[in-house]
């Protein structure tokens, strides 16, 4: 049968008659008759074909020849681009015309030869021979030959079976996993069918025979098989002559040969260990990597660099190469040596991995802001894959697209991190970013109009010039003003110069720093787009020539901003905007500025204008009688009147300053100021400026200024280095605190105002903010000031250790990190009683106060008695520098100061955060680990009772527990439920999970799994020193020592001042007493005498002119000599003139002074003042300091005691006055918030973290050359929590404990601090602070005075208090008002959000996410609620003091060196806070005390001693120690389950076995203990949750029993092995 248009062979093919005939199947005549018959049928539609002729059956062979496209693809010529190998060119992609069917039958034989390598690993060679002239193709391999044996079933030889009969194959056993290309049993047979001659030769050494047989005429005819005896090596050779007529070809043309040649090269690259000979020559390919070079040879990327190929042999089955593609996605892949030209699942499998990694890198580097999708990344990839897949499947017999699912591949391709890192550096990422920039530029260009319009619409607040966009557009100037008020000023001035050539457009604050902004930011920035639209600018257009400038609507831009530092910043940002996008415009004088006076001095009708403060200061120095001049400061353009505006514009020559381009130095200056890449240069720039300013001040030289009377123009270099640098420096001053007082200017202004107001009653925060702005000349928004006030008053965990303002109202909690503070309109505050003890008023006389707007404001810095920068920590990001300091314990600092006063070195200190109950451990220098607290309660319950510092409760719940409960795309659900029992000050999550998952989680580390461990490096301790210069400090001790030296010198100055002042007052009282006595004795008469005579008489009799006034005038004169530039009015110095003596202090005394009582009182005052002066002279500056410290510690005790009482008032379970109800309800509710008494504490393990920290430190030492200052970046990381375990690191003692019996407790100085609990030095967790570019225009991202301190709390240890020595109160008899204190904060507070370290507990750097496995054998994990293992009795003696546990908290651990023991005497160790939780232990219990931890090795978490119960307290008889680590330092009691409590005996003296035991079920019984009476609460208290102030003597013997009680939440677990929780808090 023949059909027109079908595939045929024989004489009719290519004859042009359009009829194809099957010569070998049908007779020619029959075929012709059939054709005639069909023609007749067409002519006669009434005749129909028979059913037999319509429905036919063909043999398999007939079907293959009739429908070849089903088997080998199309037999029609196809033209397309393909990779081919040409002898003259090599591997290249060009347009070729070939027949896919012919290419396929060749490929089938070639793949069969390659498959033999998989069957025979000894195969080493494949020979391919193509003879186009004779149309002969031969493929030979030396692999194992085909068995030359007769098939017992089919009765033919195996070679004849598999090459000459259809549907025969060795690949039908799908249970056998093979990595060959053959699959369906068609391949070689198809080649036979479509060949005129097909010869098989094979030799099998195993069967010692060779075989040769030939088929002809499309497998229709065959010759007899020739079988011979054979003793040589195995081989197989297939030789065939394609039936070209079937493919409509006459010969093997150049294109098909080039394609076949490429397939030979493919084989050489994809068959490992096989050499390929082509036409007798060995192909120069050695492995897959060299094969890939054939493709990329001589190819360059867009930068002209040769393509870089990344290669990785993932395993024996996967070989992957990657490089950059510039023609969209390209892939060259092989599956079992089959060329999958269309790719498939194997390609997607590899490419998806690569794209996933690359897109992460691109997103990090993508500053353009254009969203990048995976397919766009894929378009830049060229991947080469050679893989072996088990039993691959394809979508057709052509095998161009592999369809097998990855799970069935039989192997995995896990590419290494090294591969991905290299992939991100091979040019792909750069190419993607270039494409992103191009796309971004295209989008930006759409924002610009290439058409010049005379009128534009849709831009609000634009006052367009009338000639803008017309023929005079180049003569038009656009005035850009700072805000609407400045626009009003400009519009007023336009009345003088006209509106035709001047347009006005107001800016809303600072514009965007386009040099570092993302594409998205630029696209969405309305101001940038408006300026471009108004001026007519076009991106990427060069304005080099005058002709191009004619396309602009305005020929110039005039910048009109305030004359302050923020105004300078706006000018700089506009210059940066033009320079970054159109640098050529600067060369045409495109920019200019309009300046206005910053100060005006007027006298009579004379008026002088000054355009910079240094210029004004210079004028003041040389002017006489400056008080006759009226001085007015202009802080903004809004200060000027409309009349003044007209005056400014009328004198345009004076007020317009042109910017001139001076060459590359201008470009360099602009880049220096605004480029992120110039951060180190910017540091040096600012350092040089500060040093220059310092030297000028030392030598009395004036500061540099720009705008003199003759200034008409300036270069960009001058603007950057003389004006803009002032903003950069002020940016640092706003953001980085002073070492001396720890304040930023805004905070200092608040404190100054509070000192000046000296409120005795609380005041609203909003009202106080207004008062601060008024009294301290605060020039920024009051909202930021209110937040600064709120921040100073916050006292929750993670904020301030000492809050200087009182939080009266809702000032924020740890639930939201302070963000839940109420509106400033509703909350109140006032000075803390500690404030004036930390900042003594007498020191105000020694400070250098600043002046602003001719107003005396806050001092340069206050001088506290201890370094507040360490107490409350510090954090800020400025220009070039950043600062980060954690909090430290006030009492520890006080003790170190005392040591230094005694000539000793300070002890090392660890971060400490008030009321933090977790552990803080030192990893290395300035590196700490912060851990929360987690307990295992039972087989499927854990309890989280503390979070890492600055991990806020709500954030933790949403970002950690919720994903654990619900699961995410990447991780399955881990927990089954959780409940919350926390308060605003405490944390308690009760988490439920399956026993198997809990076992797995504990094996992986509960702290890691629940993200309760964070790390932080503190290498950014940058502060302003007392000279106003930035300085980087390496250690906290360096800060303490520098502060100590400065503070001690100021105590010397204070003594001098006091001696002088008190001496003058003593002289005054002495003169007054002498005058009264002489008057009474009649030695002096004043009646009826002239004033002049009286003064003369007093002078003659040796009376001194007012000594107090004279002394004060002398002090003022000295101050004026030191700083003559600040000669301002001062009310305290106007009481008299130095021209003559002043005896008003004597002559103004009332007649009452002559009475006997007044005389005696005056004499007493004189004598007392004399003694006061003598006492003062005998004291050293150190004595004065110690008195201040004692008074401070005494008040600190009172404040913290009051805090505890305040909390107790609402939590003790007592009925409140006026309230009706049962306190039992409150008790039950309260117990819910308490930790479970059955929990087994999990000890944080930091061994792995220490190793990581050490590695980072080594790397830093190798590459760290920056010793002057730190980069604007924090090295803090959220590091993965290590596996838990009882490690020495967790219990290393801060103070080694003496072994022998303790002596009787002695009284100690107030403030003495004994660290009882091993504390770990950890730092607060924080999300990687996103670094703010200090040059950002965005006000919302500017600096903030709000300090988000890094809370890391070490439990405060108890101390024995005595009444602090009464600090002398110096009384001064002069009545003049005290000098005002002021607090300067030029801080924008704009960087509030970015300066906040957003506590995120979610990241664990370098740690894999924990994914629980469901297949854990229960035997692998066992809870051991059994009894604890007995430990040597000696361990008890290692523990010398035990504290009772705080029911609401757990102590923090601090690692310290053993020499810390010298810090406190042995008696101090006896005093432990009621709130430092620890428990008495059995003799047999293993005590993980400090000594045990340090000397005995690691305590096991399964063998932790039980906490003992404290006796129920009756009432508080002693003030509880304020060193407590508890919330607000509140004493708390623990309760235990019924039947488990011990006898309710009090602690005994050293050696008592009952010490530390505690029984909430009984009343406290008296004992013979010599210890002070224990603190207890009223017996009617239903819930005794706070242990009282027990003496912390060492326990000697254990108690044996426990009293039972129903509901207990915080005591020891029933299972002794689970009691690791509280006993180790020593």
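For all residues, glycine too, the Cβ spot is worked out from N, Cα and C.
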Which range is it, out of 1011-1020, 1021-1030, 1031-1040, that shows up in Swiss-Prot as region 'Interaction with DNA'? 1011-1020
Of the residues 446, 471, 760, 1091, the one that Swiss-Prot lists under SUMO2 cross-link: 446
Among 1112, 1214, 1255, residue that the record in Swiss-Prot marks as SUMO2 cross-link: 1214
Looking at 605, 819, 1331, which residue has the SUMO2 cross-link feature per Swiss-Prot? 605
1110-1140, 1141-1171, 1172-1202 - the one Swiss-Prot records as region 'Disordered': 1110-1140
Going by Swiss-Prot alone, which of 412, 683, 1092 is annotated as SUMO2 cross-link? 1092
Which of 562, 564 has the fewest nearby Cβ atoms, counting only those within 10 Å, among these binding-site residues? 564
Three-state composition of the domain 'Toprim' (476-593), taking helix and strand from DSSP: 56 helix, 20 strand, 42 coil
Grab the pLDDT values for the domain 'Toprim' (476-593) and give me their mean, rounded. 87
